[in-house]
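S.K.: One structure, pasted below without further comment.
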Amino acid sequence: TGVDCPQKKKKLFSCHKLQESLLSSNSGYSNYRGILNWCVVMLVLSNARLVLENLIKYGILVDPIQIISLFLKDPYSWPALCLIIVSNVFIMAALYIERKLSVGTISECTGTFLHCINLAALLFVPAATVLSVSSMTPVGGVMALGVFTVLFLKLYSYRDVNKWCRESRRAKARTLSRSHSCPSVHKANGTAGYTHVSYPGNLTHRDIYYFIFVPTLCYELNFPRSPRIRKRFLLRRLLEMLFLMQLMIGLIQQWMVPTIQNSMKPFQDMDLSRIVERLLKLAVPNHFIWLIFFYWYFHSSMNFVAELMQFGDREFYRDWWNSETIPYFWSNWNIPVHKWCLRHFYKPMLVKGVNKFTAQLAVFFMSAFFHEYLVSVPLKMFRLWAFLGMMAQIPLAYFVGRFLRGNYGNAAVWMSLIIGQPIAVLMYFHDYYVLHYGNAAEGVAA
């Protein structure tokens, strides 16, 4: 009709409509895949330039023989390995204390006292050994103390859970049936059937050693089990572990070590601008290696051990990379430690009437202690940089939570990770260098 004709012509010639630009927040557009790919390409190109610059300046520094020297000073002396083997004494002590408690041979007070001695020895004996044995290398010391720290947390949980079982048994006033605690294989194809475990049937050697080797710090009488071992999954994780380990070692030797060594003169001259430049230069390889270590340890290694042990709970980390607050990061990047702190430290303090803020401070304090313990003792020097770095998370958490939100909070978390760690690395390396090589350097300079 005549009325419709002008409207049709208007639609035909019209090329505009009410709409927002794609990059405006009101547009509702969210497909930034191309921009993400561009960021990845730019990241690869910029780091390729750094790799080429490093190779031109220093040549190839990767040396497999040097790696062995990090673990052993004397090829006929293996102090770290011997110390780890000795840890079986503490495991057996915890088991036999629990056995005595289960039959009432010793009282709860006596058992608690013996457990305290055993747990204290788990921390002090290896520390004293590392400090006194001259053939113990810093890397070997870190590995040995790391094993003993994990054992401390595991045996603390083992003691707590068995104590809860005794309290529950007394409350119910009846005897629970004994049963075997480890899986019994009924079929040759790897399918295993598991019997339900009840206290005190869990107090066996096989049960405690299963707990020692599975990737968790929280003890249970009946862990969730996977039905079979997936051989392809296991092989993929093993190849990832081997490749990423070699990659981390190569990056440390080729990229981090020269940067740290070149940072000593600005520290000695107290040249602030050069110190900041070296700090930023170290931040990139340090953060890259930290990310690789996270994947290697929390995904590849833990999944490998879990698959081998048919351990069913594979939540070793959550989406910490989306953290908008500091507490969210610390409660999601290391789930085994977070679960242990929540179950055996934080909640028991709340039950005893401690307020939440004080309990959170106590958790950070304990974490700071273990960070310093795992750094200062192997290096045989006490500077408290790791401890102070962890305690600094408390005011940082308040600032980020109070003033920053959303993407700004997430950026602040990433900045603390990228910049905070290199500061601690440089401080410890500087102090270690001055302590061990300062006199020689001064002699050469003179």
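The chain as shown is numbered from 1 upward.
Even glycines carry a Cβ here, placed using N, Cα and C.
Summarising the annotation, TrEMBL assigns transmembrane segment to 35-56, 76-97, 109-133, 139-156, 238-257, 279-298, 357-376, 382-400, 412-429. Annotation comment: TrEMBL describes His371 as active site.
Give me the structural setting of these features: burial, nearby parts and distances.
M.R.: Here the transmembrane segment (76-97) has Cβ contacts under 8 Å with residues 106, 111, 114-115, 118, 121-122, 125-126, 129-130, 133, 135-137, 140-141, 143-144, 147-148, 151, 155, 158-159, 203, 205, 208-209, 212 of the same chain, all six or more residues outside its ends.
Nonlocal intrachain contacts for the transmembrane segment (109-133), taken as residues 6+ away from its ends with a CB within less than 8 angstroms of a stretch CB, comprise 79, 83, 86-87, 90, 93-94, 97-98, 100-101, 141, 144-145, 148-149, 151-152, 155-156, 159, 373, 377-378, 380.
Sequence-distant contacts of the transmembrane segment (357-376) (same chain, at least 6 residues past either end, Cβ-Cβ under 8 Å): 123, 127, 142, 145-146, 149, 327, 330, 337, 341, 345-346, 349-350, 382-391, 393-394, 428.
Counting every protein chain shown, 18 other Cβ atoms lie within 10 Å of the Cβ of His371 (active site).
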